[in-house]
Amino acid sequence: MQRVTPSTVADLFDVAGTRTLEQVAAATLAPHTLMQRAGLAVARLAMAIAPHARTVWIACGPGNNGGDGLEAAAQMKLRGFAPIVTWLGNPDRVPPDARASLERARAAGVAFAESPPVAWDLAIDALLGIGASRAPDGEMAEWLRRMHGDTAPVLSVDVPSGLDADTGRLALDRTPPGNGHAARFCLSLLTLKPGLFTAQGRDAAGEVWLDDLDCSASAATPAAWLAGAPPNRPRLQSSHKGSYGDVAVIGGAPGMAGAALLAASAALHAGAGRVFAALLDGHAALDTSQPELMLRDPASLDLSKMTAVAGCGGGAAIRALLPRVLSTAQRAVIDADALNAIALDPALQTLLEARGRRGLPTVLTPHPLEAARLLDVGTSAVQADRLSAAQRLADRFGSVVALKGSGTVIAAPGARPRINLTGNARLASAGTGDVLAGMVGSALAGGLPALEAAQEAVWHHGDLADHWPATPLTASALARGGR
Ligand SMILES: NC(=O)C1=CN([C@@H]2O[C@H](COP(=O)(O)OP(=O)(O)OC[C@H]3O[C@@H](n4cnc5c(N)ncnc54)[C@H](OP(=O)(O)O)[C@@H]3O)[C@@H](O)[C@H]2O)[C@@H](O)CC1
Ligand SMILES: [K+]
């Protein structure tokens with residue numbers, strides 16, 4: 001059993017891939033072996049989470065996810081715990097594995113009840129796993145509400161019930177999130193699923209653990225992966241500022257110079273050799289607190305030798321500069337208003353596609369609304385399947401895409417998408433996106449390929465937030481690397 005952290009490198013399998021692996025594994029094992037392993041793993045994690053629990057409520061659903069819960073109940077009972085099972089199954093329609101575990105739970109003397117106990121020290125959600133076919137309702141939804149509305153920890157078996165294991169979409173109307181007090185754990189079985197790590201998955205699952213049930217995962221193709229922490233990149237003694245490239249931040253229309261200066265500051269602190277702030281507001285003053293930044297007229301820059309970071313605070317004015325950025329920048333990060341301008345202008349879209357065909361490295365850093373505009377769909381369609389939305393954008397524009405949000409998705413043409421696990425809700429504040437754009441620009445300018453540049457910047461950006469002291473996170477301090 002392994003705990004998943006932001007540094008974990010692991011393949012993620014969708015429901016179809018997981019079913020394939022289950023069939024391959026089951027074919028070589030004695031009947032009921034997988035469920036026995038699954039139930040024992042659930043019991044072990046439950047006992048570790050709540051070693052002194054007096055009442056453990058195990059809510060079991062009608063299928064094999066419920067079977068895992070029944071098996072865990074039997075295992076815990078045999079070890080001196082007192083689980084109380086509420087089971088929503090029908091004895092006439094229970095699948096064979098779950099039936100076997102039902103009988104083992106009964107034989108072990110597990111207590112069965114019609115309704116949840118009055119109070120509990122740990123709740124185990126074994127209602128629905130990867131076989132969920134619709135939003136929970138009725139009694140199941142009511143149990144989930146009670147479980148997540150309580151302060152006792154919740155351990156979800158395989159996936160939190162109601163969560164789409166492929167996309168991380170939660171059937172919110174039926175299973176509202178908890179009151180913020182209950183600790184959440186999820187033990188994913190056989191495989192890790194992408195939905196645990198993006199969209200609503202991270203909030204619903206909490207701390208994720210994996211038990212591979214001693215099975216190989218070689219018989220299926222992963223849908224995505226967790227890429228873990230980037231390598232250390234020590235600087236050579238003989239390097240100089242030219243080794244780390246020039247970044248030109250192009251943005252900062254009147255009234256919005258701050259966004260561009262944040263991106264420029266982030267690029268500088270992330271290690272770019274030289275950073276030029278090419279502000280669209282011709283009257284903006286130089287940031288005297290950062291004399292290293294060089295203020296330039298955007299028209300004066302030779303972008304063919306530079307990494308352009310375009311769009312931060314760009315307003316409508318950025319549009320006029322984009323043909324030159326897209327056609328000539330050696331490397332480019334396209335953010336914020338530049339993305340909005342491209343979404344509205346087919347000619348700019350053609351130029352962006354042409355960059356991809358020419359092999360010029362480009363990273364797009366949309367949040368879900370910007371991604372939705374580029375794809376000409378609603379934001380909810382993007383959030384309903386973030387992996388596929390990021391991949392479609394990457395394929396369409398021949399660019400690397402970092403689709404921001406909980407579980408940032410990084411996609412590139414022809415590559416399996418990655419999900420980043422650093423970062424937290426502290427990043428939900430003004431200017432942090434500008435900081436990310438500057439960090440990606442710095443990584444690109446330093447010579448990293450676009451995919452690595454995006455992934456490493458996203459990881460470091462989130463890692464800073466994860467290690468933030470007990471003070472409010474501001475974008476300007478984030479840009480300075482927390483200093
Ligand atoms: N895969 C593996 O490697 C391993 C899998 N294992 C475990 O098996 C789990 C998969 O089991 P599973 O296929 O039986 O599906 P599961 O999630 O129990 O749900 C299906 C049942 O729920 C029902 N149902 C659906 N939606 C509903 C709703 N909203 N409200 C009410 N009912 C609803 C559905 O009914 P139906 O849609 O047919 O009407 C059906 O009866 C997996 O997640 C893991 O925990 C491990 O034991 C070993 C290794
Ligand atoms: K579950």
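Just so you know, glycine gets a Cβ as well, placed from its N, Cα and C.
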Quick check on the annotation: TrEMBL has Asn65, Asp125 binding K(+), so which of Ser101, Ser115, Ser133, Ser161 does it put in that site too? Ser161
Since TrEMBL lists Lys404, Gly405, Ser406, Gly407, Thr408 for AMP, which candidate among Gly398, Gly414, Gly431, Gly433 does it give for that site as well? Gly433
Near ligand 2, which of the binding-site residues show up if the criterion is a Cβ under 6 Å from one of its atoms? Options: Asn65, Ser161, Gly405. Asn65, Ser161
Would you mind sorting out which binding-site residues among Asn65, Ile130, Ser133, Asp158, His367, Gly405 put a C-beta under 6 angstroms from ligand 1? Asn65, Ile130, Ser133, Asp158
If you average the pLDDT over the domain 'YjeF C-terminal' (224-483), what number do you get? 94
List, in sequence order, the same-chain residues at least six positions removed whose CB sits under 8 Å from that of Gly433 (AMP binding site)? Cys312, Asp335, Ala336, Thr365, His367, Lys404
Enumerate the residues of the same chain, Asn65, Asp125, Ser161 excluded, that satisfy the criterion Cβ within 8 A of the mean position of the Cβ atoms of the recorded K(+) site; list them in sequence order. Ala59, Gly61, Gly66, Gly69, Ala126, Leu127, Leu128, Gly129, Ser156, Val157, Asp158, Val159, Pro160, Gly162
